[in-house]
Every structure is written in C-alpha cells, then in structure tokens.
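S.K.: Have a look at this one.
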Amino acid sequence: MVLCFLADEVNQSIIISGESGAGKTETAKIAMQYLAVLGGGSGIEYEILKTNPILEAFGNAKTLRNDNSSRFGKLIEIHFSETGKISGAKIQTFLLEKSRVVQCAEGERSYHIFYQLCAGAPRALREKLNLKDVDEYKYLKQSNCYSITGVNDAEHFHIVKEALDIVHVSKEDQESVFAMLAAVLWLGNVSFTIIDNENHVEAVQDESLINVAKLIGCDAADLNLALSTRKMRVGSDNIVQKLTLSQAVETRDALAKSIYAGLFEWLVEQINKSLAVGKRLTGRSISILDIYGFESFDRNSFEQFCINYANERLQQHFNRHLFKLEQEEYIQDGIDWAKVDFDDNQDCLHLFEKKPLGLLSLLNEESTFPNGTDYTFANKLKQHLNSNPCFKGEREKAFTVSHFAGEVTYDTTGFLEKNRDLLHLDSIQLLSSCSCHLPKAFASNMLNQSEKPVVGPLHKAGGADSQKLSVATKFKGQLFQLMQRLESTTPHFIRCIKPNNFQSPGSYEQGLVLQQLRCCGVLEVVRISRSGYPTRMPHQKFAKRYGFLLLENAASQDSLSVSVAILHQFNILPEMYQVGYTKLFFRTGQIGILEDTRNRTLHGILRVQSCFRGHQACRHFKELQRGIATIQSFVRGDKTRKEYAVLLQRHRAAVIIQKQIKGMNAKKTFKNIRDASIVIQSAIRGWSVRRCSGDIGFKSGVPKADEPDEVLVKSSFLAELQRRVLKAEAALREKEEENDILHQRLLQYENRWSEYELKMKSMEEVWQKQMRSLQSSLSIAKKSLAVDESERSSDASINTSDDREYCWDTGNNLKVPESNGLRPMSAGLSVISRLAEEFEQRSQVFGDDAKFLVEVKSGQVDASLNPDRELRRLKQMFETWKKDYATRLRETKVVLNKLGNEDGALDKVKKKFWGRRNSTRFGF
C-alpha cells in the first residue's frame, strides 16, 4: 500500500471493521505505529501516536462484550510530504455516545476518564476539585462496576496527562478540562425537592450544587434557576415555567451530556491544531477509519441503531469495491469471467435511507411532532414498513431489522428524546455567562449549530433552540461525507474477527467465527481472489515498466505488442493471465516473477553504474590529491625557506652580539689584570730598591795618633749619623707602613689569584663542553655528508684547501722569566689571557669552518672543494690543537704554582731584610 502511495501518488484509506470486541482499536494503533515508522523523522509522528491515549480515555468505555469499546467513530487522516515523511494529521469524529455519561447498564462503565481522574488525581488537584471516590457519584455507581481486571486507572491517568502535554495542551487548560469532568460528576449528584402540589421542584442547596457552580464558574442561584425553571416566549411576552421532577432531571442530564460532548469536541479541536503545525498540503494522505463495530445486545437502543446503520453503509462500500466494481471491470474489459454471487445489503440500506418511508425519515418526522412518543413511533414503523423483507414488527415498542451480520431487535424507548437531544436556551445562556472559558466555548459552538437550517417545525414553543437538526440527520450527513472521502481514495479493508464472546484468549468458537466470515463477505472475497485476477495493469504502464527486459529492441512497436512479447519471453502460461481491451489481468503471484526479474536487472544496472561512478570518483580524487600535494609542497617549501632565512639572520645577529659582548668582557678582564700587574710590579720593584740600599756599611775605628782630629770627625760624623739614623728611622717607619699596605695588597692579589684559578677551572669546563658540542656537530655533518656522498661527484678540486689559511698556532713552551719584581706574576696573567683568547678564537674558527662545510655539502654555497676530505682534515687539525692546548694549559698551571712558591720566598727575604736593619739599628 505504501509503495503504491509513493509511486502512484494516490491517496489511500484503511477501513477497519468488525464486531464490537474484535480488536479494531488495537489494529488501528498498530497501523498508525507502522506508518509512523515508515514516515517518521519529523517528530510529528510521536504526537500522532500520543493522541490514542487521550481519545481512548475520553471516548472509550467498558461494555458487556468489550473492556475498551470505542463509543465514537474516528477517521485519522495522516498527511505526507513529497519525500514520504509525515507532515501532519487531522482527526474527524462521529456520533459520540453521550447517553453513557448519565446512564450505564449493569456491569458496564462510563467513559474511562472519570475513573482515571478519581483514581490518579494528585492530592492538590483532588482538593481543588473536591473529588471523592467513584462510588460516591450517582452517574458512576448506577452500574455497580468501578474497575476493569488488569487495568490500573491511576497509571493510565498519568499517561493521559503526559499525552496532553505532548499535544501542547497547557497546564491551565488541563486543569479546566479536569474541572469540567468533576462538574459533570457533581451534576449527577444534584437532587431536587418538591415545592408545591403540582410536583414542581427546585434544586437542593447542598455540596453538589455549590461544587458544580464553582467548577464551571457561575452563581449557585443561577444554576438552580436554570435547572428548575424554563423561560418560554409567547408572542412578545416571556413566561417562566417551573419544571416537574422528571423535567428537571432531564434538564440536568442534558446539561451534563452537553458539557461532556462539548469538552470532547474541544479536545479533538486542540489535537488537530497541534497536529496541523508544520503540515504542508501536498495532497498525499493515508486515512485510517476506526469506527464502532456491529453491536447486538439483549436490549438495543438508539445508539446501537445508529452504529449498525454505519456498519451497513461500510459493508456496502466493501461490497461495491470488492464485488461490484471488480466484476464490472472484468466485463467492461472483455475478459472471460463467470460472475460470482454475493449477499448484497442494498435492501437494508433502503430500509434506513428511503424517503419518505425509511427508518430515519419516520424517526425525524415523529421527533418533530409535539405529541410524538416512542410508542407512536413504533406503531408508525409497523404500519409503513411491515412489507419490507428486512423489517419485522415486534410486540409493544420493539422492531427487528435484518442486518448483514444478523437480525437485531431494537427497543424504541428513548429513541425520540435521544434523537432530539434537546438543550434549552436557558442552559446555553448559563454556560455563556460562566467565568471559565471552556463553558463559554461550548455555548458558542451550540449557538453556531443553531444557525443551521431547520429540518421541520420546532418540537414545541421555546423548545429546541439549541438543536435545529436531529441527531440522526446529523449522523447521516457525517456518514455521507465520510463515504465521499473514502470514495476518493484507494481502499484497503481489514476485517477483524471476534474469536469468542467471553473475551477469553486462545479460545475459538467455530460457529461464531464462521458466521462472521459469511456475514462480512470474506468467503466470497476469497472465492473471487482465487478465481479472479487481483493484479491488473494498463498496457502502456506494463510496457513502460517491463519493456527494458526484452532481449530485442521493441521501441517501434505499440504497447500491446510489447506487453505480449514480454509475457512470451518469460513463459507465463496463458491460463495465468488475460489480455483485456485496456489492461492486462494476472492471477495471484504472476506479477511477482516479472517484479523479481526487474529488480534483479535494475540492481545489476545500479551495481555497474555504482562501480563506474566510483572509478570516476577515485580518479578525480587522486588527481585532486596529487594537485593538492604539489601545491602543499610548494607552499611548505616557500614557508620553510622563509623561516630558514629568518633563523639564519637571527643566528648571524646572535653571533655578532656574542662577539661584541665577549670582546668587551675580554677587554675589561685584560684591563683589570694589567692594572693589577702594574701594582704588583711597582711593589716588587720598590722592595728590590730598598733591599739594594741596605748594603751600605760604616767603618768602626781610626788611627789613635790622630785621636783629637778623629774625635772631632767622629763627633760631627756622629751627629751626621745620628741625623741619618733619625731620618732612617723615620724612613723605616714609613717603609713599615708601606710594608703593611703592600702586605694587604698582597692578600688582595692572592684572593684575586684564587679567583683567577676558579675562572680557569670554569673556562676549562666550558672548553670541554664546547669541544663536545663541536665534536657532535662534526659527527652530524659527517653523517649528512655520507648520505649524499653517493649522489654527488667527487671530482672537485683538492688543492682548493690551500686557498684557506687556518691560523693554527701550535704555540711555544711557556717560559716565565725569573727576573726580580712582579714580572713573573704579570707574565702568568698575560699567558692566561692569551690562552682564553686563543680558546675563543679557535672555537669560533672551528664552528665557522664546520658550518661552511655543511652549507657546501647541502648546496647552499658554491665552492670547488671536497667537503668530505676537508671535514677529515678539519677534524685532524682539531685533535692536534686540542692536545697541544691541553699540554700548554698544564704547563701554565705548573708555572703558576711555581710563582706562588716564589711569593713565599719573597716573604722570607723581606723578613730577613727587616731583621737585619733592626739589628744594625740596635748596634749603634
């Protein structure tokens, strides 16, 4: 069905029929779930499925034959988009059984929602609505049935609330809905008291009346007045008529039924608004009809009369499509066919619909008479319809109709009242004056219905203001609209068979099942399917669909010739098909052979196309990949060259900065060492001068012959000596002070010398690190040269190495002069400076040469030399210089140690000199 729907774009319909309790509601839900899976994806399908709990709660009830009987009919029209996805839905309902709200037979229940509300309402809602248990409401306790085996009403109430949320019914509207349900229950508890001898009544001012007025939002006095009185217009005057007990009860029940019916219609309207969101009118839809099944009870009333009439109309639709149109098509197309007889229910439909002497016409006619009663209606039926073979009059107020499913006896009690379905204008005005918005909406809808054309005279003066059309007339109109809708679609029938009358699983009553199969015409359908041609296709469509399977080209032939050629090619037996004037007719299963071959051929074509397209896509992809790789290589190469140029520039700048800083540090160190050497030299030279001046001596005796002259000389000489001694002592004191100063300076120089030794050690460690780094650089360069050695020619000139001059100075053995003063110390310091400077120069030269050879090897610099040979030569020079440098460094340390020993000897000489001077001084 779905494939035909998508391929042919013809609207489809699924008509589910069968007796009450046969499983029509569950079948409809399964069909909806199947369509939701096929056309899901937009999210609206979940809302469509969630309408089932709401409609079942408000429209289904327990009957003697079914625990979940649909007491209304519904047509669910599911719309689809161009891509086959569900885009929206619309629900249409038919003939809700309103009388079940106020009256239930023994063992049955009213609508599920009443019991679910009383069982599952939370405490806050119960207090707000003043809810009580189900056995305290008269409408619910009259049947003495409060529960269903295996059903949890409280749990179902929560499911209904969730479904209301999903279909976008607001919390405020939900509370209003529950308030209307509670108002209906409390209306059933409203009682009346007689106030005069004429049996006139008024409502009792008790809890029930007050709760109803509070829930619907009106004044209790106005409610009392609407239930116990009726305003009538006679001429230009308004007369208030008091009601009797029976009239007041009818008014109360009519108000309760109208509120519930209005609530049901309002809910369906809200659901349709929710399901219409995002719907695009594409003209594609699948309709599912779930309508009440055929019913036959011990006592059948007006509701069963309407339900069975609807099933008669659906049975006629079934017969027309599966029997009449089927066989008429065979005859019109000129194929050989033996007509199959079937039970036609057209006579029964004439009994219902014939004018002016049909059941519906006589019912409407009697309903318009002021004095018409159920008894007069029954007599009129017997008088006019006894000659009809489908009608049989019974005793008193009963009559029997021969339906397609069997005979059903109806009791006309309540027929006229239910057909009129009166709600007085006073009740409508009461609802329109309520503060709650739902009663106002109900009243507005009733007033709109009252504007429809009047079928006949009014029931009585001031009477059916709210209902100009009878229930039977409205239902017949809805049924004809439904039939028109179904006629515009391709129907698909589902017959539900009831296995037993006891609602017991796994039990089959053979007689009951066979009776249903016969009455529903299933046996005749099977007979036609076996002997008929269920599959048919026009010649043009058949040739277009299967023409490519021909082995020979038949493009120039007509469609009939192509079709016959296809049948002969696939060896389909002549008795399995017939060729009509416009169509080909096939028996069951024959078209499947062609479909399988067609599918295999198309699958092979698709495989070839997919492989070829995949090959093309792979080629295109590889071309794009190669182009992208080329572009990436150019971009990355350019980016790398730019980055390398920046790094090279930074490296050269860093080398220049390092050279400048190292030069400044070296100059500063050299200046400090030179100044210190000058100070040490000046001190040592002064000490040497003072030591040489201490060798001057004095003679101790003269000849005695000249003693007087000598005494004079000695005296003067003694005075001179004394003067010299004083002067020498003063000089000595000055020298001692200078000696102290020199001693302090010597200590400072010793400290500096220790610092120089530490610097030498750190310089040696730095040298070792740099040597290791240089060796690693040389090894890396050697490896890089070895990789490319096979790719480059070795014909470069060897003599180019003589063009570069490497200032390899092997150095001379250090000889520190042993001159007097501070010259050895200054020489040692200068040697240290030269060693450090030589280390820096050699390190930079080796690094630059190695870098140059790497650049020559990588091709960045053009030079006519062999980089491998020059690298080995550079390594040999480095090893030679390293050994020589280490030797000179050790010799420098030895010399420095000797200079330290000589400083200790100088101290000893100095002490000896000053001791000699002191002894000479004391000698005088």
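Glycine residues also receive a Cβ, built from the backbone N, Cα and C atoms like all the rest.
TrEMBL: automatically predicted annotations, no manual curation.
Remember, predicted model here, so these are calculated numbers, not experimental data.
What TrEMBL shows for this protein is this:
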- 1-599: domain 'Myosin motor' (DOMAIN)
- Gly18, Glu19, Ser20, Gly21, Ala22, Gly23, Lys24, Thr25: ATP binding site (BINDING)
- 479-501: region 'Actin-binding' (REGION)
- 718-752: coiled coil (COILED)
S.K.: Which residue among the binding-site residues Ser20, Thr25 has the fewest other Cβ atoms within 10 Å of its Cβ, if you could check?
M.R.: Ser20
S.K.: Please count the residues of the region 'Actin-binding' (479-501) that DSSP assigns to helix (H, G, I), strand (E, B) and coil.
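M.R.: With helix first, then strand, then coil, the region 'Actin-binding' (479-501) has 9 helix, 7 strand, 7 coil.
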S.K.: Beyond Gly18, Glu19, Ser20, Gly21, Ala22, Gly23, Lys24, Thr25, what residues of that chain have CB atoms within 8 A of the centre of the ATP site's CB atoms?
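M.R.: My list of surrounding residues reads Asn66, Gly293, Cys496, Lys498.
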S.K.: Averaged across the domain 'Myosin motor' (1-599), what pLDDT does the model get? Just tell me the whole number, please.
M.R.: 86
S.K.: Validating a neighbour-count step here. Other CB atoms within 10 A of the CB of Gly18 (ATP binding site): how many?
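M.R.: There are 20 of them.
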S.K.: With every protein chain in view, how many other Cβ atoms are within 10 Å of the Cβ of Ala22 (ATP binding site)?
M.R.: 21
